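What Swiss-Prot records for this protein:
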| type | residues | note |
| --- | --- | --- |
| BINDING | 17-18, R38, 72-75, 96-98, R104, 136-139 | CoA binding site |
| ACT_SITE | D168 | active site, nucleophile |
| BINDING | G247, G248, Q249 | substrate binding site |
Amino acid sequence: MTKALDGVRILDFTHVQSGPTCTQLLAWFGADVIKVERPGVGDITRGQLQDLPNVDSLYFTMLNHNKRSITLDTKNPKGKEVLTELIKTCDVLVENFGPGVLDRMGFPWEKIQSINPKMIVASIKGFGPGPYEDCKVYENVAQCTGGAASTTGFRDGPPLVTGAQIGDSGTGLHLALGIVTALYQRTTTGRGQRVTAAMQDGVLNLTRVKLRDQQRLAHGPLKEFSQFGEGIPFGEAVPRAGNDSGGGQPGRILKCKGWQTDPNAYIYFITQAPVWEKICDVINEPDWKTHAEYAKPAARLKHLNSIFARIEEWTMTKTKFEAMDILNEYDIPCGPILSMKELAEDPSLRATGTVVEVEHPTRGKYLSVGNPIKLSDSPTDVQRSPLLGEHTDEILRQVLGFSDHQVAEIHDSGALDPPRKAAAE
């Protein structure tokens, strides 16, 4: 079966997490992703957070599936020639270098366009144009500068970053959409273009509901926040609201049976207005259906703490899965707090390919997250990440059409090997 992006060739200069997230997704959809790596070193994450000695780390393997690896010294004259040929034959160049790195390599946008006018150059940066555009950005910096940290945590505590990698992986997903959109536009224009995704912008996009709340705040208190019911005044900016729901439907994380010893024995419970009477039945508070302080959503806002305290009395008598089974029968929105161990062992996630087991030649079997997007006509077959330089000769011969003699010349030039250090005097 053909894949959605069959025939699309990606020149992948990305590293660490944000860029590899993007190119891995494109590879899962069938693009031929050629990962260009520094000879002898490769992507820095190959050696970061290693759990086993002398093998590629899970940090690397889980972000670089379905790709091919070529090692290339782009400072070497022969290496520059090879890179020029790759630019000629590829559709997209993806990079997450610091500002100006491509220019210093000798391949600014104008030169790339002269080599291949159809090439799309896609970049991830920390910030867009402005006072911070030259600053180095990592995941947590992006969360802090994009509005996520200031609105995450509890009101009386410090800002918090989230466990979800919304800065790195989130921006990578944004860039992938931009690339596919640019490829589609190229079918009508016939030319390439630049695609840029800034990490600050990506995080802000994912926290847009907080920008919504910032504007609402100018017209009065945010009544769905628990501090409204507690009579605590709001300040000038959207506050941290703990586990209050951000969608206008009051919700909290509540303890379940076993919470004293299990750090994840909790459930998220939403008191959705259409099922309020069912909630009253479940927790055995039938009078709340008609009580003036509880019957209407607006009236309940001032009593959320006492309402959820009563609901928690009920959830603490059930395991999180027992509570979920009961609540689902009444169509009450809820969800158990699932640990990474529980997710890794969930058979339904294995069945859908959301969690996959991958065989690797040096580290053996490991688990990874598969493609979260399912296409009926382009199913994803997750293949292991490449070893460093594993496909170098294959790419030189099959993609660029070099002869054995030409490949030997490139090897002899040192373009595929670590730069030689000068001998000590």
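Just so you know, glycine gets a Cβ as well, placed from its N, Cα and C.
Same-chain residues with CB within 8 A of the center of the G247, G248, Q249 CB atoms, the substrate site residues themselves not counted, are E224, S245, G246, P250, G251, I270.
Sequence-distant contacts (6 or more apart, same chain, Cβ under 8 Å) of G247 (substrate binding site) comprise V209.
K75 (CoA binding site) sits 28 Å from the residue listed as 'active site, nucleophile', taking the C-alpha atoms as the reference points. Neighbour counts of Cβ atoms within 10 Å were compared for the binding-site residues Q17, Q249, and the top value is held by Q17. In this structure, the recorded positions under consideration are D73, D168, and the one with the smallest number of other Cβ atoms within 10 Å of its Cβ is D73.
Cα separation, V137 (CoA binding site) to G248 (substrate binding site), rounded: 32 Å. Taking the Cα of the residue listed as 'active site, nucleophile' as the reference point, the closest of the binding-site residues F97, R104, G248 is F97. Classification of D73 (CoA binding site) by DSSP places it in coil, neither helical nor stranded. In the structure shown, across all protein chains, E139 is the one of the binding-site residues E139, G248 with the greatest number of other Cβ atoms within 10 Å.
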